[in-house]
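Everything on this sheet refers to the single structure shown next.
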Amino acid sequence: MTNKYIGRFAPSPSGPLHAGSLVAAMASYLDAKAHQGQWLVRIEDIDETRTVADATTAIMDALAVFGMQHDGEVVVQSQRKDLYQAAFERLKDLVYPCGCTRREIADSRLGVAADGAAIYPGTCRHGLAAGKTARTWRVRVPDANENNEAINFDDRWLGPLTQHLASEVGDFVLKRADGFWAYQLAVVVDDADQEVTHIVRGTDLLESTGRQIYLQRMLGFPTPHYMHVPVVLNDVGEKLSKQTGALALDLAHPMDELMKAARFLELSLPPVNSITEFWRVAIAAWARRFAQE
């Protein structure tokens, strides 16, 4: 890893930005600016079933209101399917077709991963059962007794972490039953193609990190530095999202929204009178905590 810094904010266009997504955007923006680096924006619409019309425009307009200027072109995942296909073909010795339904995997009672998904028991690892047709394509992970099964990484917010793919996830999906590429493959390909060196995102994506590092290694890609910041919760302790009733940000009062997000990220800032001044003091405060890492 060189001294250059390329970070990114990668929202899904499933609705307008809310308080939780502003925290993620702010953390990634502050970290990039504190390191005198680039801050990219990527629209992660690989799951086209969740895409909301005009959401991308609304997201970009909101970032502009908050004074967050991106570097380079905005990359859109749905326009990059050839790259994902090429990466999939490079993994041909590790991937296999799977005919299992979600119910069948859940009924295996092998357990549930930290992100709520059932751990895959390896049913189709050695071939499809009689009468089964391929629904998804999975990538084989190392067995629990193999030396490279444990994925170790240093998280810049949480410290040293280890994920065991065999026992915590199992072989995971690269191509979905509906024909769309899985998030894990798309994000790894995009980060490598855009030369992303630092990933700052919410802890809701922490459980994906082991899978992504594994794919990076199998594809010969460099592994970025990771930081997983706390996520905003709703009144009943659920991650704030469009699905849990998150309200759109108040673009008429951007300073109020920025200050709330900064407080959530444990930044103690003096009163400011403009968005430009907010970013000046916020970047300086973030740099004092993280710019030497």
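Positions of Cβ are set from backbone N, Cα and C atoms, glycine also.
From the options 134-138, 159-163, 204-208, 239-243, the stretch Swiss-Prot describes as motif ''KMSKS' region' is 239-243. Of the listed candidates (TYR84, TYR183), Swiss-Prot assigns TYR183 to the same L-glutamate site as ARG8, PHE9, ALA10, PRO11, SER12, GLU44, ARG201. On a Cα basis, CYS124 (Zn(2+) binding site) lies 36 Å away from ARG8 (L-glutamate binding site). Cβ environment of CYS100 (Zn(2+) binding site): TYR120, THR123, CYS124, LYS132, ARG135, THR136 lie under 8 Å away, each six or more residues apart in the same chain. Taken over all pairs of the listed L-glutamate-binding residues (ARG8, PHE9, ALA10, PRO11, SER12, GLU44, TYR183, ARG201), the Cα spread reaches a maximum of 16 Å, rounded to the nearest whole number.
In three-state terms derived from DSSP, CYS100 (Zn(2+) binding site) belongs to neither a helical nor a strand segment and is classed as coil.
Highest Cβ count within 10 Å among the binding-site residues ARG8, ARG201, LYS242: ARG8.
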